[in-house]
Amino acid sequence: MLQQIYDFLNINYNVSRETFNKFKEYYSLLSKWNSTINLVSATTLQNFWQRHIFDSIQLLNYIHNKDIIVADLGSGAGFPGVVLSISGIKNVILIESDSRKAAFLLQVAQLSDQKIEIINDRIQNLKVKCDIVTVRALANLSTILSHTKQFTVKDKYLILKGKNYQHEITQALLHNKFNYRLYKSCTDDSSWILEIKI
């Protein structure tokens, strides 16, 4: 089973054996911490590779240069931000308002060889400069755009969304101007990757 997972990651995302071992360590840390602060649901923890690693790493398909700054909003358990960092993104900013989750992020960030900054604060309190914003399971699109209006985003937003994506886009367009593209998620038929450029 693990060999098949490694082969998939290696073929599709050039994941080395060393990086794969870091993902295994990630799972161990997450399992340990999850019993006390509920970072992810027990069901998705059982499906760690597809639900969390594959779901996060697929964003690399839409990131064409690893020497960038990615700001990950509401990082929680570190998906997708920490996964992208372990996979080689040079600079990742993890923004998490819950201090217990920020403490977990501080520990799991040590698995990465790249630069990770953890900010324990609310998104709307910050002025962040980055190339790409990533978001997974945080808030509706209108809220995300409202909370980041003071950010300087050079390239785009990459947002993992579920089946209500079209309603969220329609609502957000009432108060915001942006161009968007939709890409099918490789992990769930009802999930999408929403790419937004403002």
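In case you wondered, yes, glycine gets a Cβ from its N, Cα and C as well.
Quick look at what Swiss-Prot lists:
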BINDING   Gly74, Phe79, Ile123, Gln124, Arg136  S-adenosyl-L-methionine binding site
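Under the three-state DSSP scheme, Gly74 (S-adenosyl-L-methionine binding site) falls in the coil class. The binding-site residues in question are Gly74, Phe79, and the one with the fewest Cβ neighbours inside 10 Å is Gly74. Those residues noted as binding S-adenosyl-L-methionine (Gly74, Phe79, Ile123, Gln124, Arg136) have their most widely separated CA atoms at a distance of 20 Å. Ile123 (S-adenosyl-L-methionine binding site) carries a helical DSSP state (H, G or I). Of all the binding-site residues listed here (Ile123, Gln124, Arg136), it is Gln124 whose C-beta has the fewest other C-beta atoms within 10 angstroms.
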